[in-house]
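What Swiss-Prot lists as site 'Important for efficient shutoff activity' is Leu28, Leu65, Lys202, Lys203, Lys206, and the listing cites similarity to another entry. The active site annotation in Swiss-Prot covers Glu80, Asp108. As annotated by Swiss-Prot, site 'Important for efficient shutoff activity and nuclear localization' applies to Lys195, Lys198, Lys199.
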Amino acid sequence: MEDFVRQCFNPMIVELAEKAMKEYGEDLKIETNKFAAICTHLEVCFMYSDFHFINEQGESIVVELDDPNALLKHRFEIIEGRDRTMAWTVVNSICNTTGAEKPKFLPDLYDYKENRFIEIGVTRREVHIYYLEKANKIKSENTHIHIFSFTGEEMATKADYTLDEESRARIKTRLFTIRQEMANRGLWDSFVSPKEAKKQLKKDLKSQELCAGLPTKVSRRTSPALRILEPMWMDSNRTAALRASFLKCPKK
């Protein structure tokens, strides 16, 4: 599974997932399913944010080409992928600037158009079950929940799916592709079932060539969302109100 993840996902997503697991004291060599799940969740969050802006009229628009002269504001603030300290700094800054209620748990995104935090979920189970689990944990009407599955299903708070159909279809297609790639290599069952995961781990320890023939079909292009986060948590210059909350990192 580890080899699959490293070949299937953008290197920067893999690096962020490694840092996240290290921060929580988890071993990606052992918890390979969690490694894959974190990478998948990160990618969905970035895809959710990519290309979405707010123009001068306050309207949400989709722009796929970078135009440095365009007076556009990123619609979504990315919180997922940052270390906990910086993530809470961003959340606090958003709350102070917008008057939004501070969430009890770290959300994944903030939507400047709808003025709400968003919790993104990616599940291997039934979407409604995972949605209820998220809702019971968060217990806040101010955090919008949007759940995606690997089968193309989705569920969102009050059936408000936030994004346009094409943007959501892009996410669903990517998730379905990941599932198919896992299934082709005998990894899907272990990804879904803990019992199968233990069996798969034993196989992985015996053979490190499980994904040797994996074709690298995924684009290595760094998404706009990922560029904002590189090389670390640099000032993205997205809004003047949040600018002071981001730490400057020395150039490498």
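Every residue gets a Cβ built from N, Cα and C, even glycine.
Long-range Cβ proximity for Asp108 (active site), meaning a same-chain Cβ under 8 A and a gap of 6 or more residues, is found for His41, Cys45, Ile78, Ile79, Glu80, Ile118, Glu119, Ile120. DSSP assigns Leu28 (site 'Important for efficient shutoff activity') to coil in the three-state reduction, placing it in neither a helix nor a strand. A simple way to gauge crowding: the CB of Leu28 (site 'Important for efficient shutoff activity') has 20 other CB atoms within 10 angstroms, across all the protein chains here.
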